[in-house]
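Q: Quick one: the structure is below, questions incoming.
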Amino acid sequence: MANTAKQSATLAYPDRFYAAASYLGLDGSAPSSVKQLSSKFSNDTALLLYALHQQMYMFTSWQGLGTMPSIEAKRHFVKILEEGDSSWYPNPPNSVPDPAIDVQISSTKAEPSVENGGSFGETMTTATEDGRLMETQDKDVVLENPNTISVYNQWTAPLTSGHPPKARYEHGAAVIQDKMYMYGGNHNGRYLGDLHVLDLKNWTWSRVETKVVTESQETSSPATLTHCAGHSLIPWDNKLLSIGGHAKDPSESILVKVFDLHTCTWSILKTDGKPPISRGGQSVTLVGKKLVIFGGQNVNKSLLNDLHLLDLDTMTWDEIDAVGSPPSPRSDHAAAVHAERYLLIFGGGSHTNCFSDLHVLDLQTMEWSRHAQQGEAPTPRAGHAGVTIGENWFIVGGGDNKSGACETVVLNMSTLAWSVLTTVQGGAPLASEGLSLVVSSYNGEDVIVAFGGYNGRYNNEVNVLKPSHKSSLKSKIMEASPVRDSVSAVNNATTRDIESEIGVSQESKVREIVMDNVNSGSKVEGKSERIITSLRSEKEELEASLSKEKIQTLQLKEELTETETRSTELYKELHSVRSQLAAEQSRCFKLEVEVAEVRQKLQTMETLEKELELLHRQRAVASEQAAVNMNGKPQSSGGVWGWLAGTPPPKT
């Protein structure tokens, strides 16, 4: 390779490794030893570099490295060198030694070395059964870029550049336009407020300088919004929404912070309605144009299991009083939405326990339910992270206060069946609590990106997994609901799936034709026209079937729309009836109060009537007594005074 190419910033593997080895004097030009490396690095780093170099050529077996492949050893070798001496790359020697050939003594077949996306002829050395080495013919060895994700369902650590963020956990992460934004978190008990971005095309880190916009003015000083951890970061309309989180000086109610990617400014989202109380460790799920907030832990460390909605169109909060048995109060759980209708809650923890239960909320009927789980149910955990791809929900990390969860598990949200996708070693960054998980696209395929976490130490490593986990099983959740649910289930079977079946059918037919050509030779030529005619006939039938399926799909969509409209109307009627019932209950209560007052007045009137009757009797008795007294006394003539008074004289 020319010297100008070696000095370029795109020096590829394996030349980048050979340049690094030459820089450290491990190219064979001088005797190499750990002592030689210790003059430039710490003893631990020097020992690890030497071990990786030995591992690549299988000179010795290092127990700590196990059976690490040669290409992985090369990548780790360069990564450790760059961490210990970032200035090495502009100063490699003018010559790069010829690539050494990996020799696998215990193997009788040479495996091609995969690097850098090209191919070249290379003489491979293998060992025969009697232990003698012999050279085989030149083979095309496929090269790949070191950051190419070529293995499915396995975690890999891409080589990142730039300035990575400080190690942390309980941060938030979200992807917008092939860039992963990471905000906040906790490190050594201190809340963080920095914002970093990882370009998922070239795996380069950079820090975003932000500013705060207030109602009255805009300042270019660094953002002074409250640092937080345990919040949720949601991508929305080319913006980032940071919801809730623990903070040093928390507010009374939950805050929604908005970051504008164009202006690099933070602001507080103005909302109406009654917002939830401040909390952290909650789950926030974007369903259409609404945020669904569940659970968490408030500033008094009380666990919550309340449910709130934030409508992003009207910016209005609404507290939901769902029916059924909700999950117990918890925080640090995971949530996902399936078919834009079902909210799933998995795991989480209380002050004493971690959970492995699965709860489902029907967002149309607002009813909680708990279904039986199938397959390999995960262990109890809290602090895990989850993302969805199609109908599969990938859960990574978490722990139970004793150890981290090493398995990456997958839940098929239609069948509620669990399976283990892959496993990492205990103590790995992926077996951490408080890590973040996002989904992005790399070379046209979905990839899952994990960052950070805490498993006894704080991490800032990036790990990537390319899943191939697919399922075509029918939904058990849908089977539990009436016709409108089956309509939704059928609607999920898109015309793209039907077209793919046609393509597979035709492809298999073509493959059968090719095999017949190989086996029957010239006989196929006579049958080719009949086969082509048959294929055309099948194609026409499949196209007709596809047209029918499209028509049925449109009809089902119309029925679904009508059903959803009717459901919305019924829901409004239910709210109206509930309001009327509440008004009637209030009116009944007022009537009961009035009746009680009337009864009290009646009792008072009865008492007065008794007293009046008693007075009448006393008066009658007094009158009788007076009459008796009048009759018993001698009567006088009255004299002159009687005559003056008009009293008639007594009769004689």
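Including glycine, each Cβ sits where the backbone N, Cα and C put it.
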Q: Tell me which range among 84-111, 504-531, 532-559, 560-587 TrEMBL lists as coiled coil.
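A: Feature coiled coil in TrEMBL: residues 532-559.
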Q: Can you say which of 276-310, 381-415, 591-625 is given as coiled coil in TrEMBL?
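A: Comparing 276-310, 381-415, 591-625 with TrEMBL, coiled coil matches 591-625.
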Q: Which stretch does TrEMBL mark as region 'Disordered', out of 203-227, 628-652?
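A: In TrEMBL, the region 'Disordered' feature sits at 628-652.
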Q: How does the domain 'Acyl-CoA-binding' (529-629) divide up by DSSP, counting helix, then strand, then coil residues?
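A: Across the domain 'Acyl-CoA-binding' (529-629), the residues distribute as 101 helix, 0 strand, 0 coil.
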Q: With a Cβ cut-off under 8 Å, give me the same-chain residues at least six positions beyond the ends of the coiled coil (591-625) that come close to it.
A: none
